[in-house]
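Participant: Let me begin by handing over the structure; questions about it come next.
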Amino acid sequence: MATTVPDGCRNGLKSKYYRLCDKAEAWGIVLETVATAGVVTSVAFMLTLPILVCKVQDSNRRKMLPTQFLFLLGVLGIFGLTFAFIIGLDGSTGPTRFFLFGILFSICFSCLLAHAVSLTKLVRGRKPLSLLVILGLAVGFSLVQDVIAIEYIVLTMNRTNVNVFSELSAPRRNEDFVLLLTYVLFLMALTFLMSSFTFCGSFTGWKRHGAHIYLTMLLSIAIWVAWITLLMLPDFDRRWDDTILSSALAANGWVFLLAYVSPEFWLLTKQRNPMDYPVEDAFCKPQLVKKSYGVENRAYSQEEITQGFEETGDTLYAPYSTHFQLQNQPPQKEFSIPRAHAWPSPYKDYEVKKEGS
């Protein structure tokens, strides 16, 4: 039996593509437009990121560029995956949906988690993670979902049966789909918790980055709670399952771009603020001053209160003196102006003898 071609679609087009052009079901065209705009925006950010590398003054912001590029790849994949849910479910779109949905979101949430971990150190004035460590954390966290998805696909498809997803009943398919995303839900909770820790610190400049992650995760959690709730409702019309999932993909993709990518790009070229780091000058750092026992320990002694100072060797310690201590001056040599003296006459004795003779 021949099916009627919907208004807006050309003749000879396969029925699974009708949602892309059917004017009667406008949601497909709307989501297609939103997803296409997201793809273009993501590509624009990815092309802009290498150009901004030379303009980033802060080395710790520059360390995040590879991880943020990986994040943009995940966002680009999310917008691209939206088309797999607009197109009808069959042997090709079924494995794609189950395999890529969790992997792409695990990449995005892992990048946000790695960024949040680095921010928890920066906001407390500690040494941040290196570029390779941040990128390694993001890749490592996302690989777990890859293993889970591959194992599920292989076991479910039994290696060759690609139509198994379309053959499953809608409730069973939805349950398997949500259970497959258990690790992604764990990543979301962990990232949200870690982003809240970025508000606990004395260096407020890095809290703005933490606020971007916190807001992104808060909105993402709201979207996920909404679509999982609708998908698991027993009395809900199952014809809208693809609409719910494709809408969740497009909405979450734009949340990533507007709540995280855009403000982060705006902060990339911001001038390095010295207040965002611990003071490196030793003069300004609090230090342990060597105790001067002659000053502090003798300042309130009863003897010095009465005498005013105490002599120890050649140094006088005053109770409230500075570190320039008083010292005894060496005794000065006495001198006097020479005066004229009358010398006794050599004939004094002679004259006395003469008179006595």
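Including glycine, each Cβ sits where the backbone N, Cα and C put it.
Because the structure is a prediction, the values reported are computed rather than measured.
As annotated by Swiss-Prot, N-linked glycosylation site applies to Asn158, with the evidence given as sequence analysis. Annotation comment: Swiss-Prot describes Ser301, Ser345 as phosphoserine, evidence class a large-scale study or a structure entry. According to Swiss-Prot, the feature phosphotyrosine maps to Tyr317, Tyr320, Tyr347, Tyr350, an assignment based on experimental evidence. For 1-33, 90-97, 151-176, 234-247, the entry in Swiss-Prot reads topological domain 'Extracellular'. The topological domain 'Cytoplasmic' annotation in Swiss-Prot covers 55-68, 119-129, 198-212, 269-357 and rests on a curator's inference. The transmembrane segment annotation in Swiss-Prot covers 34-54, 69-89, 98-118, 130-150, 177-197, 213-233, 248-268, and the record cites sequence analysis as its basis.
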Participant: Under 8 Å, at least 3 Cβ pairs, sequence separation 6 or more: does that hold for the transmembrane segment (177-197) versus the transmembrane segment (248-268)?
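Facilitator: Since fewer than 3 Cβ pairs under 8 Å link them, the transmembrane segment (177-197) and the transmembrane segment (248-268) do not come into contact.
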Participant: Along the topological domain 'Cytoplasmic' (119-129), what average pLDDT does this model show?
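Facilitator: Result for the topological domain 'Cytoplasmic' (119-129): average pLDDT 85.
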Participant: How do the residues of the topological domain 'Cytoplasmic' (198-212) split into helix, strand and coil according to DSSP?
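Facilitator: With helix first, then strand, then coil, the topological domain 'Cytoplasmic' (198-212) has 9 helix, 0 strand, 6 coil.
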Participant: With pairs restricted to those 6 or more apart in sequence, evaluate whether the transmembrane segment (34-54) and the transmembrane segment (213-233) have 3+ C-beta pairs under 8 Å.
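Facilitator: No, these stretches are not in contact.
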Participant: So, by DSSP, how many helix, strand and coil residues make up the topological domain 'Extracellular' (1-33)?
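Facilitator: The breakdown for the topological domain 'Extracellular' (1-33) reads 14 helix, 0 strand, 19 coil.
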Participant: Taking contact to mean 3 or more CB pairs closer than 8 A (sequence separation of 6 or more), are the transmembrane segment (248-268) and the transmembrane segment (69-89) in contact?
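Facilitator: The answer is yes, given that the two segments have at least 3 Cβ pairs within the 8 Å cut-off.
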Participant: Please indicate, using numbers and ranges, the residues of the same chain that are 6 or more beyond the topological domain 'Extracellular' (1-33) and have a C-beta under 8 Å from a C-beta there.
Facilitator: 82-83, 86-88, 90, 93, 242-243, 246-247, 250
Participant: Please state whether DSSP places Asn158 (N-linked glycosylation site) in a helix, a strand or coil.
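Facilitator: The three-state answer is coil.
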Participant: Give me the non-local Cβ neighbours of the residue listed as 'N-linked glycosylation site': same chain, 6+ apart in sequence, Cβ-Cβ under 8 Å, ordered along the sequence.
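Facilitator: Those within reach of the residue listed as 'N-linked glycosylation site', by Cβ under 8 Å and sequence separation of 6 or more, are Val164.
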